[in-house]
Amino acid sequence: MSARKPRRTNGHVFKRRKLSHDSSDERESSVESAASLDNVEDGDPSNDEGAAVTSNHADKTSQIAVDLPVQLRHSRISRVAQGSTTLPGDLQMQVSNLLNDVRLDHDSVTKQMRPTTNMLVEVLKEVPSQQPMSLAQAQSFSQKNLRITIPWFQRPATDVKYTFSFVAPTRVTLAGSLAQRLSTKKQPRKLVLMPEMPAEMFHEKDYLNYRAVHKRAFYLACIASHIQKKTGKEFDMNFAYSDDCEFVPVIRLTENSSERPLIFEVCPVFPSTLGLKEKMTPMHNCLRKEDLSNDIANATPAYNSCVRYLTSTKPWQELVESAITKAENYCDACYLGSVWLQQRDMSGDQAQGGFGLEEWAVLCALLLQSGGHQGRPLFSPRYSALQLFKAMLQVLGGRDMYEPLLLRGNVNLRKSDLPIIYDADTGVNILYKMTPWSYERLKHHATVSLAAVNSKKTNGFEATFVTKVSETSLEFEQSYTIDLTDSSQKSHDTPQRIHSILRKGFSDRVRLLHLQTDLKPGWKITSSAPSTSPAKVVVGLLINSEAALRFVDHGPSVEDKEAAEDFRQFWGEKAELRKFNDGSINESLVWSKDSCVLEQIVKHLLLRHLKIAPTNIKISPYVQKLQLSDAVPADEAFTVINTKLQALVSTLHHLDGLPLPIRSVNAASELMRSTSLALPLEPGFAQPVDLVIQFDTSGRWPDDLRAIQYTKIAFLTKIGDLLIQHDRTWECRVGLENTSSSSLGTHNNCFLDIKQPSPTPQLPPIIFRLRIYHERELHLIQQALSTKALLSQPLRDAYQSALQTQKQTLARVNHTTAIRSFSTTFPTLSATTRLLKRFLSVHHLMPHIPGEVAEIIACDVFLNPAPWSTPGTSTTAFTRCLHFLSRWDWSAEPLIVDLSPAQDMTLQRRQELETRFMAWRKLDPNMNSVAWFIGTNLDNTGVVWTQGLAGQDPKLPRVVASRLTALASAALQLMKSADQREDKLMTQSDWDDIFTSSSEDFDFVIHLKDSVANAARRSQKANKEGKFKNLQLANMVDVDTTGIDTATSYLEDLQHSFGNVAIFFHGGEYSGSTVIGGLWRPHVRPGVARAFKIRLGMSTVPYETGDVQGEDEEGICTANIEGMLAEMGTIGEGIVSKITRKQTS
């Protein structure tokens, strides 16, 4: 993926950011910073103790260019430089800065709009009066005289008795957020003109059966005709629906001359005397077909409140004005609410939720007057803007509005199927434009945001106000697009029917069910209104991961005849009677395991009840990038390994004959964390399961590092003998490692491989690799490092490397314990982490990004999910990982994750980690040693996984961190493009593009033979024909090569020999990747001339040019690119098929 130019992959354009260097980095390398960091023994720059160590690894990476694609938010980098960090106490300051950014200069905008506004007000007052006329006369007059098509909603019956007329408006009121000075900078410049229709135009019962709505439609047509005559082509004029409400057509005028168009809406309103609010509550029926009886069972709450709203615009304006005067911070609270709603794509339009800034402002104003005990104000006028905002979230998220909330009065309203906040003074349900699904979404986001903004551990500002929440692939865990174009059931109430059917069908499988339809389009004033029936419905789901994959549903008992009959009527032929193990006989549903259960439910129910064909339903695909073979499903494979481990640990603890008792046996492997990219029971799998054993403390251990290593060998040999005696089917072999440091004994140099037979004849054996940890080693290494004057530089590097390795060993054990616990708490965490590792692998980043780092990032998505809830699918969680990586400004912000089961990391601990991060950035502003700072409750340094070993490059250099940021951003951009398509769904081709990498960005590419890759080796062995298949599979793992990945070993050799001249990229261990990409460091770029001297650290050739200024031609050289590539091929003889260079112009 590249962020510069599009690349077409599989027929799709996918952007890919180019890897690049900048020679200016070479000039800007900070020797002082590198030296200061090298003085630190344990990777902690806040520690002043330590020996002075000189190292050139910082100089190597200082020349790597970093072009951060992430915009610094809220001057965070300056606060780091000043020694200040973003903690919860800074929330008020951030809110103040946000308010300064979003406040609109209303005086300037009002001045700009005043001439046009005054002109339109005068035009409205000059509209000629029209005498009362019948329906036929009104339609004829409209066509012949007005030349306007009346914007009817449900055209009146031909025999209606009421008349239509036009009388000059009683008054023209300016309304909307702009008129009330509540608009923000990003909102459209829209002003609403509300001419009030005179009371004499209406009769007592005109609030019934659309009578007032029809009279208003004719009134609007008269106004449209007159505006057209008076303004000509000054405006682009259309009819549209106010707030997407089909009862309320308006005239929308858009200026053609402005760079940022000014929008004016003309919305006639009713007099306050129209109808009695007591007869228009949400429980009344005002659309009566045959008689005038009030059929409570067929109440019309939306219509009733819509009519009441059009009679109450003036009282609501006065209410808001009173709140502005009464509460000093009311306007700012509305600005915060506006930003919060915009980030979630919520507005007053019905298709966007039906709850926007107007509803927010009115509700907040009402709660400053009432809503509390005995009708007292619920909100204090002395609240700050942030307090008012949080109080609003508490009301919206903490109360069930299906139990009506009554304000400013006492009306008998029963529990409803629709949300109700009823203003008894005006008779309006503030939520009248909301549907059950839009209210549930509003309530959900209010709850999540309140938790984020109230958190004492993390700062919720960005999650609440900055992050765009409403992108489909990020917000919902599964999405469907239902095409209604050819459906016989297509009508304006189809979404309501879909919702009620699916809500009942999903039961507890879904936490949130949301429906999205398109905004109703505007239309020309000379045309009839288009159909309001939606052409498509997008269904978004938040899944209950524990219940979503249930394949058998238990229905009512056969003895409950009424419930059983209802069950059969709802599910049709899918329902069947079954007897279960407990003896009960119930109606039931059995779903296929071949496809997603939720998808089966959707297609079955919509076909049965709405005749919507399955071919008209599209589903967003899950990411299918994990299973490398069909031998054993992932969850079963990890379960088998865990079971085997528990049995082995029990066996070890019960061994007799060991010199010392065993204190603990702990896993230290990604296989035990269920996060390995390759599955443990795949054919030919050769990765051992790492274990760490620790014995009780004893003075019998030697006090010398080399002697300790020999003692370990003796211990492991004894353990192996005892295990073989316990089970003769096991094979135990002691192996050696780190033999280059055996003379010092600084590194562990032995392990015990325990090979257990395969669980079944079709699966390979399981190998555990046991190492001994002795805490005395850490003390001896630290003691040796404290003798600064006695150690040479190479020796100090060796001890320093050993110290970091010891700390990583301890950290890996604790990390494994934590991740195993969270994998149980969050069932989709394992698959999420593996998806993230697959993404890193296909883009050749795994060697530079430790698996533990990927696991911490994945955990953070589950532990700190705001502004969303905890993800229920691995695809959604992976997408949010990419979202985090694309936005994380790692140069200015640490990542701090609490991995404790109780989530009880103290604020002091977080502040200590922040302090260490600032120390690193002050000592190493160029990030030569540490790019990513990742602190947890298990790691008080923040760099245990991201800082390289002594004398080597940093584990995660800046160029890799920047590359990952760019790749994640490109992937998110592709998802945004999918969200803007008509069906709003990712396709499998889109996912393929995200998981496809290109080698064209590398300076050179080393191609390995197919037989080298683990995946290829497994495939070849699995496909071999054998007479005895079980024996073939059992012998598929070669003990001599266990834990050895040929491609990784070759990569290590390349880094050792050429790490000072190039950076290498690969898919990582056991990835099956056959490509190693290389990027020359800036001083080794082809054709770059430099003075020749000894110890240049690279192969050179004379610089061939006839025009060298300022130097003798004989003293000029350049990198021997061809020679170094040839040497790389020689090192990889037998495993390298070819090496290609990037073509330069």
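Note: Cβ is positioned from N, Cα and C throughout, glycine not excepted.
Not measured: the values here are computed from a predicted model.
What TrEMBL records for this protein:
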| type | residues | note |
| --- | --- | --- |
| COMPBIAS | 1-19 | compositional bias 'Basic residues' |
| COMPBIAS | 20-30 | compositional bias 'Basic and acidic residues' |
| COMPBIAS | 53-62 | compositional bias 'Polar residues' |
| DOMAIN | 196-323 | domain 'Nrap protein' |
| DOMAIN | 331-468 | domain 'Nrap protein' |
| DOMAIN | 475-611 | domain 'Nrap protein' |
| DOMAIN | 624-824 | domain 'Nrap protein' |
| DOMAIN | 826-988 | domain 'Nrap protein' |
| DOMAIN | 1000-1139 | domain 'Nrap protein' |
| REGION | 1-62 | region 'Disordered' |
If contact means at least 3 Cβ pairs within less than 8 Å, sequence distance 6 or more, would you call the domain 'Nrap protein' (826-988) and the domain 'Nrap protein' (331-468) in contact? yes
Taking all residues of the domain 'Nrap protein' (331-468) together, what is their mean pLDDT? 94
Taking DSSP states H, G and I as helix and E and B as strand, how many residues of the domain 'Nrap protein' (331-468) are helix, strand and coil? 69 helix, 12 strand, 57 coil
Quick check on the domain 'Nrap protein' (196-323): DSSP residue counts for helix, strand, coil, in that order please. 55 helix, 20 strand, 53 coil
Let's see if you can do this one: DSSP helix, strand and coil counts over the domain 'Nrap protein' (475-611), in that order. 49 helix, 38 strand, 50 coil
